[in-house]
């Protein structure tokens, strides 16, 4: 093979025999010969350079005159007809033709066997009289690291280069093209063994090769070796190290270099900006992410896909879906098309924020483009559907997931589906999903059993609740605070005559909670035991479930018509700051805020507020012009009813003068005069309905 390659290129490198006078074209652009029309040539004369050489066969080391010509001879300008034989002969002697031949030789080296015999055989076509610049051109156009290393050996043995480090640097760039950091590092060692001193280009090539291989620690290692070789990094290298230090975990150094870059106005790599955005996001400084993005645009650095994807991801984790939309629009307006990572960031961002329609829109767009979703993204979609009550959509996504070739449902998938069935009260569907989960080889966890128990409770199948609870010891599952909160919620939906079946289950799960429920059901409050035990209970549970416990216990009291205990629990919740800012007063309006309360707790709070208003009226306290009740305008995700609709009918039952405000959604307002008239007409305390229908 080598002999054939040599035959094909040998004739191109024979040194032409020149007379005393040689002529070369003074090329107009990129050292390439251009032919013009007759009109063009009349406007332009082709410059010929006449040179005198004492030894025309010996090449100068000056790359500007590769054929041994000097610039000492006077210039003369002669028009040459491009169609004449003389023009083609002059072109054959130009360095442009030689350059193209050297590029062809590089391709031959890339395709030959990586052995000394084959590589050296190809290179012998150059003869013994070649330039350092020829070597640089050949190596610079190669892509095969194995043959490039052998070519370098040939050149260094044959040629006494004025700057041998350049040959090493160009060879190292071949290794970088192939992302072969190991060969690049071995070449660095060879340089030192031969006494060749590395320069800035050597280190910048090694650093960029390490970054291309996603080895930021290696990039840092090479950067920090530069001073020991007397190399002073330039602004571009410093800029690239912002990215390397950030990805290596040295946040302080990354931000330090970034501050220096801003002060000294370095040109910063877009990837460095992307890394800074990621660092700020990891630290939870989401405003810092946006500041970096705005600075990037202000200095004219165009964000790339990595920048946009990092920014979309961090804004999603910040739960700022409105900013995700803005950034995504800027990305598409700048001509960038979303890739898989972009869509994944959008799905996570909209899913976390419960932007149901936006999440489904991204999902459908991915499907239209034939993109495959991961198990994590499918679970994100299903979790969103569970959060916002998209039952039909969830089953569609679930079936799509099962038909996918790349991923199948896992335990989290089944958990979400069982939760959706549970919240809809679809017992048979929840049980079918539970059985499918078992058949797929997944053991039910506490979350799955919690959802299943909720489903049985909503359907008032108390015996099934007990049966599911009894499985916990068999599965080795220990109930936690959230599970006990689920049991309380089930009790608020259980008929009074069946509550006894659940008390024992509650006691097994949490003895303190069981005792409080027992005191409540037995209507016992010996020497204030109920309030004392309830206080101990709330002090023993985690903060994130306190409001749920208090809501459920008050709902249970209201269902059992235990208004006094309901009021005690609400007052205890206020004392322990489980509830805050339920009542507010200003010179213009007194308000009752019920948005975060369950129905039973909201009705109890209304009862207490009306009593407070009656006391204020009796004491002669001055009322404001307006009084209002804020229930919020939302409704439960799995119910057509919200707190506002229930309160509207309840206020009518009380004949209270509060009316739905057309200007403030979720507010019921009345005037000072109407409120006073109504309070004066009341002959007894407001009674709370005896039953709370849980949503």
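Just so you know, glycine gets a Cβ as well, placed from its N, Cα and C.
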Exercise. With TrEMBL as the source, which of 13-45, 46-78 is set down as region 'Disordered'?
Worked result: 46-78
Problem set entry | Model confidence over the repeat 'PPR' (304-338), averaged pLDDT | 93
Problem set entry | DSSP helix/strand/coil residue counts for the repeat 'PPR' (339-373) | 26 helix, 0 strand, 9 coil
